[in-house]
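Feature annotations, courtesy of TrEMBL:
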ACT_SITE  Asp243  active site, proton donor
BINDING   Arg52, Gly53, Ala54, Arg95, Gln202, Asn253, Lys254  substrate binding site
SITE      Cys163  site 'Transition state stabilizer'
Amino acid sequence: MHRRLDYRTVTLREDGRAIRIIDQTRLPQQVVFCDLETQEQIRHAIYTLQVRGAPAIGVTAAYGLALAAGEIDARDRDGFMGQLADKKAYLAAARPTAVNLFWALDEMETFAAGLRYRDPKQMAADMLQRAREVEAQDVRVCRRIGENGLALLQDGWGILTHCNAGQLAAVLYGTALAPVYAGAERGYTFHMYCDETRPLLQGARLTAFEMRAAGIDTTLLCDNMAATAMARGDIQAVLVGADRIAANGDTANKIGTLGVAILAQHYGIPFYVCAPLSTFDPCCESGADITIEQRPGTEISEMWYKQPMAPAGVKLYNPAFDVTPAALITGIVSEYGVARAPYTHSIPALFAARKRQPV
Ligand SMILES: CSC[C@H]1O[C@H](OP(=O)(O)O)[C@H](O)[C@@H]1O
């Protein structure tokens, strides 16, 4: 029987006064729900990866700005929008790479600007309703990504994934794992190979946790073992998520994704990126335009060790993401279908499909 984690990664608390998340820094040992009530708690949760993954960050930001609007004390529209802009900038500073953070904040600000101005509390109530729609849309979108991605897979395949782009990276289904969930619901048997994904171990702590909970065959491997797994013929496809996709298809994703893509090309294994349209950034012409988050070196040298594992004084390099060039990407699976090279033509077609019939 196919099971999934039976809770949402991020949602609004019943009283509408806090964002309820799974604290992902406690997984896999403990499933702990955490309520984010203040802007400081929200930004801290995003920065420390209590909530993480581009779509989940976007939904959190949408609720965060709506809750922030409830703190505004303004006498007119200009006053309201001015204070809202300041609160938006505060949340935008949480992390720089996942475009969903900025997409969601822009969506909420644009929505507020389009409202007939009433008192701030009513504006905030309307924004909360819009944020609920952002959450509901994420569920629909990820479902569609699952369907579109499943069409690329065959029953019995070995699938390698990097980091976590599953339910814990979105609201319910995730992106790169959505085709795996869709297949499991139809009785497919996939053999999942999860890169542990140093330094923050999202693959070991989150993806392996999700896959076990869903009863899906799962093998955890160190990041330096992916080549051997491919060489042995264990892997028939690679599925990864994304944090920002440039107009030419270059894709920023968790550090190490580039290496997996190079290996996949070497072994002739299809490499698919799975992402909602909210992760595409037409303002980025290529991967060179994507800001890569640099995180504390202690995540490498101390986080998982009883004592620092590096000699004092050694430099620590900890980019949170890398960019996979479009040439290494077999296809980009979205809720509007699969884009293939040349991406400068196929990505606009996805946006045109959204214009015709939004999910
Ligand atoms: C479906 S987006 C998941 C994406 O986000 C992860 O980064 P982080 O854990 O730092 O938020 C990683 O790049 C995943 O592929």
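Backbone N, Cα and C atoms are what each Cβ position is placed from, and that goes for glycine too.
Automatic, uncurated: that is what TrEMBL annotation is.
Since the structure is predicted, the reported quantities are computational estimates derived from the model, not experimental observations.
This view paints the features noted in TrEMBL onto the structure.
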residue	record	DSSP (3 states)
Arg52	substrate binding site	coil
Arg95	substrate binding site	coil
Cys163	site 'Transition state stabilizer'	coil
Gln202	substrate binding site	helix
Asp243	active site, proton donor	coil
Asn253	substrate binding site	strand
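Separation of the C-alpha atoms of Gln202 (substrate binding site) and Cys163 (site 'Transition state stabilizer'): 5 Å, rounded to the nearest whole number. Compared over the binding-site residues Arg52, Arg95, the count of CB atoms lying within 10 A of a residue's CB peaks at Arg52.
Between the CA atoms of Cys163 (site 'Transition state stabilizer') and Arg95 (substrate binding site) there is a gap of 17 Å. Listed in sequence order, the residues Leu49, Ile57, Ala98, Cys163, Asn164, Ala165, Ala169, Gly241, Asp243, Ala320, Phe321 complete the 8 Å Cβ shell around the substrate site centroid, once Arg52, Gly53, Ala54, Arg95, Gln202, Asn253, Lys254 themselves are left out.
Note: the Cα of the residue listed as 'active site, proton donor' and the Cα of Asn253 (substrate binding site) are spaced 5 Å from each other.
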